[in-house]
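The structure under discussion appears below in the form of structure tokens.
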Amino acid sequence: MDLLFLFFSLLLSYLFFKIWKLIDSKQDKDCYILDYQCHKPTDDRMVSTQFSGEIIYRNQNLGLTEYKFLLKAIVSSGIGEQTYAPRLVFEGREERPSLQDGISEMEEFYVDSIGKLLERNQISPKDIDILVVNVSMLSSTPSLASRIINHYKMRDDVKVFNLTGMGCSASLISVDIVKNIFKSYANKLALVATSESLSPNWYSGNNRSMILANCLFRSGGCAILLTNKRSLRKKAMFKLKCMVRTHHGAREESYNCCIQAEDEQGRVGFYLGKNLPKAATRAFVENLKVITPKILPVTELIRFMLKLLIKKIKIRQNPSKGSTNLPPGTPLKAGINFKTGIEHFCIHTGGKAVIDGIGHSLDLNEYDIEPARMTLHRFGNTSASSLWYVLAYMEAKKRLKRGDRVFMISFGAGFKCNSCVWEVVRDLTGGESKGNVWNHCIDDYPPKSILNPYLEKFGWIQDEDPDTFKVPDAFM
């Protein structure tokens, strides 16, 4: 009897040990954001309303028709007059970009952001175990990742990934790479650098679908420190809860809706097709189908299913009520309350229409979409790094409290929709905001005035006649 008791005691002890080891090992696989640093270019790269006019008027390929189109586009874009452009635009060389222009633009970003991030956290570049760099429209040899390693003299065994061509959703792809590495390697520190090089891709032709990108995309970038070190968990800002990636590259319509291309004159630019909203909506819906059960409580999912069931029964009884009679392109509401599982919504700043569309679909109010709106207004569409400017706005406004969940939603060429949820590890209301990119202007947002500076300065163009129009002397 004593032997039997001893046997079962040992067996139970072994089982408890295995369970403890399993739980303990999972803790080492968690992905935390330790800190992040958004890039604020120097003020001499700020695109004022006046300078926007100078850029447009010196393009000899444009006429009054294109001016009217651009005015309408920039007014409806939601962008303000304090965004940043590449340095070569201010030097008047946008028609003759060089490889060095693109590299210099990226060097200015990573020297600033990575340098500040490592210094603030008292981390040596040699402590970095994993480096992931994503810049879609610049591919150099050696890679940008290699240039960062060379500049900061990182270790020989650092694991390196250099992503190109992944579009505006690339930063979450970079985070996903880090997350998967953390599953296999414990006690690691990762650095993600996300940006976009606009210098080689500033379009100087007159194709409307390509010149539209000049109105939306602006310079920016972000460096993010991630870790699965147990000793750093209490210092972390966010913990990754889940991530879902959707790729519709197999669909021709989605694949071709936004693409880097040449126009008929051979000028390189970024094409934004009219079917882009449709492709984005389709990818977003597919993504939501997968991530929703992962992030919302069971009670809300049951309520939603019952609501759908009742609706289907009513439609069967009266088919005429099943028609929505909505105009084409109108975003549909998901019909589910995402606020039951999410406190904050970090939306990609692809444009005013993108933000409004997601806000409508998820039934968000003005408070929810304010961070994305203000980021678009202040910094423009900074491509893959835009999500982090939105997150920084929330932090600067002291919205992020311990236990809150942040839903990140991004879109990118391919066509891709990537989303993830972060849990706030501790109240973010104090010293961690020292390097926040919004610190210098957060009290000015939201702005009291809603007047559009572009409409005020260039609204007269709409009344001009092609036969009598003349470029004002102020822009010659």
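Quick reminder: no glycine exception, Cβ is built from N, Cα and C everywhere.
Taken from Swiss-Prot, the feature active site applies to Cys168, His247, His344, His348, His377, Asn381, supported by similarity to another entry. Annotation comment: Swiss-Prot describes 26-313 as domain 'FAE'. The annotation signal peptide is assigned in Swiss-Prot to 1-25.
Only His348, Asn381, from the active-site residues His247, His344, His348, His377, Asn381, place their Cα within 10 Å of the Cα belonging to Cys168 (active site). The secondary structure of Asn381 (active site), as reduced to three states from DSSP, is extended strand. Within the group of active-site residues (His247, His344, His348, His377), the Cβ with the highest number of other Cβ atoms inside 10 Å belongs to His348.
With a cut-off of 8 Å between CB atoms and residues at least 6 apart in sequence, the same chain places Ile79, Cys168, Leu216, Phe217, Arg218, Thr349, Gly350, Gly351 near Asn381 (active site), listed in sequence order. The average pLDDT computed over the domain 'FAE' (26-313) stands at 93. In the three-state DSSP scheme, His348 (active site) falls into the coil class.
A distance of 17 Å separates the Cα atom of His348 (active site) from that of His247 (active site). Cα of His377 (active site) to Cα of His247 (active site): a distance of 29 Å. Distance between Cα atoms for His247 (active site) and His344 (active site): 25 Å, as a whole number. For Cys168 (active site), the number of other Cβ atoms no farther than 10 Å from its own Cβ, over all displayed protein chains, is 28.
In three-state terms derived from DSSP, His247 (active site) belongs to an extended strand segment.
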